[in-house]
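According to TrEMBL, the feature region 'Disordered' maps to 1-27, 592-625, 792-833. Per TrEMBL, the feature transmembrane segment maps to 37-56, 62-81, 88-108, 150-170, 177-194, 200-217, 245-269, 629-660. What TrEMBL lists as domain 'Transglutaminase-like' is 509-578. Taken from TrEMBL, the feature compositional bias 'Pro residues' applies to 600-616. Here TrEMBL flags 799-809 as compositional bias 'Low complexity'. Summarising the annotation, TrEMBL assigns compositional bias 'Polar residues' to 811-821.
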Amino acid sequence: MTAPAQPGSDRSAETSKASRGSKTKTVRRPLSVRRTVVDLVAVALLMGAGLVGWWPSFAGGSFLPAAIGGVVLGLGIALLCAWRGWGVLATAGLTLLVYYLFGGALALPQTTLFGVVPTGQTLGALSAGAITSWKAMLTTVAPVAVADGYALVPFLAALVFGVVAAALALRLRRAAWALIPAAAHLMLVIAMGVPAPAAPIAQGVAFALVAVAWLALRGTGEHTDAAVSVAADGTHSTALRRRRILAGAAVLVVAGLAGTGVATATTLAEPRHVFRDVVLPPFDVHQYASPLQSYRGYVKDHRKDTLFTVKGLPEGARIRVGTMDAFNGVVYDVSDKGVGSSGAFSPIRDNMSADATGSSATLDITMDAYKGVWLPDAGQVSRIAFAGSDADALRRGTYYNESTGTAVATSKLRKGDTYTVDTTIPRTWTDKQLEGLDFGTVAMPKSAEAPEKLAALASDTVADAKTPIAQVRALVKKFSEEGFFSHGLEGEALSRAGHTEERISTLIGGQQMVGDDEQYAVAMALAARSLGIPVRVVMGFYPDKGQKGTFSANGDNLHAWVEVNFEKAGWVAFDPTPPKDKVPQDQITKPKVVPKPQVLQPPPPPQDPVELPPSVPDQRGNQDGPSDLLGILGAVLAIGGSVLLVLAILASPFIVIGAWKAARRRKRRAAALAADRISGGWDELTDRAVDYGARLPVGATRAEEAQTVATSLTVPAVTTLADQADAQVFGPSEPTAEDVDAFWREVDGIVAGLGKEASWRRRMLARLSLRSLLGGTRLSTGVQGLRDAAAERIRRPQSGSGASAAAPGTIENTAGRQSGTRAARPGSESENS
């Protein structure tokens, strides 16, 4: 006797046909509410264990709305598709639609209308971000900001992995398959994160506990839902189940505590390696000359010219242009030792210098005569916002170094460019406050050795200094009080530009030290480095004492100074340059140029006109014309290409299936023997019938297969074709080429008519079905065995039913299914429609 089907015991669908030639009528069993809730909660917890890993990358929970929203939407998509029985294609399409509908509100609210409605900018950013946001996040120094669009990464990862994990959990009997995408999401978050993790032990333990508990609940639920009867006392069975659950919970707790202790004891102190350790930022600051090389040029050519103006500069603050910490004997430049060095730049974002302490300030800076790539700023910058026609180009091409406070604009600044700097101005330290502090333990790049005379001078200068600040002040006093100031300009004492090793040796080797900020800052830095003091050189601008209001930077208030790192205090500025009014005495000055009297010269003889080359227009000044059109066209192509790439990735499995079936057909049609081509044509017909849901007995004759196809798919002509195939294959003579062509034409005609009575959806499923491709393989045999086992119904014997009573402790197998068939795989029309 066959046991009645229990509601919710199987998530597949059953199909009944009313009569021959009628359309398929599908009766879908409802999802088990208990199991569905357990599955969705478990998947949500597993995904949540991975989401925690984004915390250090965003320096907080600003990413949570996007990440949690992606998980919730993914679970909703999987639930809807499982309830409606929609296949992979519909699920992928719905996921793509939800990504574009909700991605703006959750991950890119700054591009939407009212923070919710997606705009053209939103759709473009979502299309490009699906491909580029991953690399952008890896090539940006963490923490990153949600306002810069980086929340798209956790949103997209949570959405995609949430859909896959929940779909596997809701559709398959074995929950362990759903752990694969959930674990992949966890590993992706770890790999995309920072070397200093959030809570790796807690993440792993939580993931393991949820996974084990879920598998245990699923196992208990399957035993409860199955129609299995063991003649035993019901009360005893309930108590036994309760004890098992309590014992399992205790084992989980003990295992979790033990695993936490072992992991804590064995965790190494070294940071872990992540993707960003091997993905190098594309920007290289060393393609630009050191800013210190332009010092004398600005002083000479723009002494009174306004280079740029600054509004909002606090009293005592300095404008920084460049920070250099490596000397190669010729020039002081930025180093290239990676993160933390003066050469480590990353694209600007909205939450830079997150650990900065001091007073907040907002600066409005407008360029005038200043040009170049080194962008003036002040303090520890958290945000740079550009305005004007070049704002987008400047924003995309500007990089910032949080360790040195230096910014670089690769598109170069020009007159009229304006930007706002949100920054934190560090506190000012006095010598008394620094008295008890030691030098900092920062890593300094390898530099060329200081000249021997300078190293000896440094040792003699600090011989009586007892504290670190006393050593620094001794060096400052040595240069500022014993040296003399001169730019070497007209009417001033001779003072060569540059700061090479030879120039510094000349500075300290003459009867008098004569130079300007460039030479004195480098000389003190090299002297300090020879004593092991962490020091660097900075070039920038600052106003005279007492000056208030808008600050106008020019060559006259351009300076260079040194910064020394102290423990707890950080980098502290010192000025070793003598006062400008301290000029050398009895020095040869650069003579003034006396102009010669003008004498009227005879006119030169006439010459042939010179053909001038065509003038080249200013590229940057005319970029508002065709360049705008090219920019719009490029954006359209980028968006279109991104959409096509996403669609191609989603459609790739179906393209592979179609190509596989086409190759199979060509191989059968081109068989060496004519009889094999006839057999191949019949196989092509039966395989297409299997794809439409026909269940053909294994080992059946062509006549038996034809009868099955004719009955299940209403194709009576197939029986005649089976007789024709038998006659051609087993006949006394080899079929001719005309016989083969005629047979294949009939096969193609029948195949074309298989889907006439079917819906469009069923025809699509047949084209994308893998049943005929995997038929007869170990995989298909294993799947059919699992399905046949699941179809076995074990029911409780009932008194008075006429059935023989089973002995206590025995199980009665009362269900059966015809075995030995070419089974339709899950996903057929009868199961998924």
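Cβ coordinates are placed from backbone N, Cα and C, and glycine is handled just like the others.
Annotations in TrEMBL come from automatic prediction, not curation.
Taken through DSSP, the domain 'Transglutaminase-like' (509-578) splits into 18 helix, 27 strand, 25 coil.
Pairs of Cβ atoms less than 8 Å apart link the transmembrane segment (62-81) most often to 150-170, out of 37-56, 88-108, 150-170, 177-194, 200-217.
Long-range Cβ contacts of the transmembrane segment (177-194) within its own chain (Cβ-Cβ under 8 Å, at least 6 residues beyond either end) map to 39, 43, 46-47, 49-51, 53-54, 56-57, 134, 137-138, 142, 153-154, 157-158, 161-162, 164-166, 168-169, 200, 203, 207, 211, 272, 274-276. Most Cβ pairs under 8 Å with the transmembrane segment (37-56) belong to 200-217, among the candidate stretches 88-108, 150-170, 200-217. Across the residues of the domain 'Transglutaminase-like' (509-578), the predicted structure has a mean pLDDT of 93.
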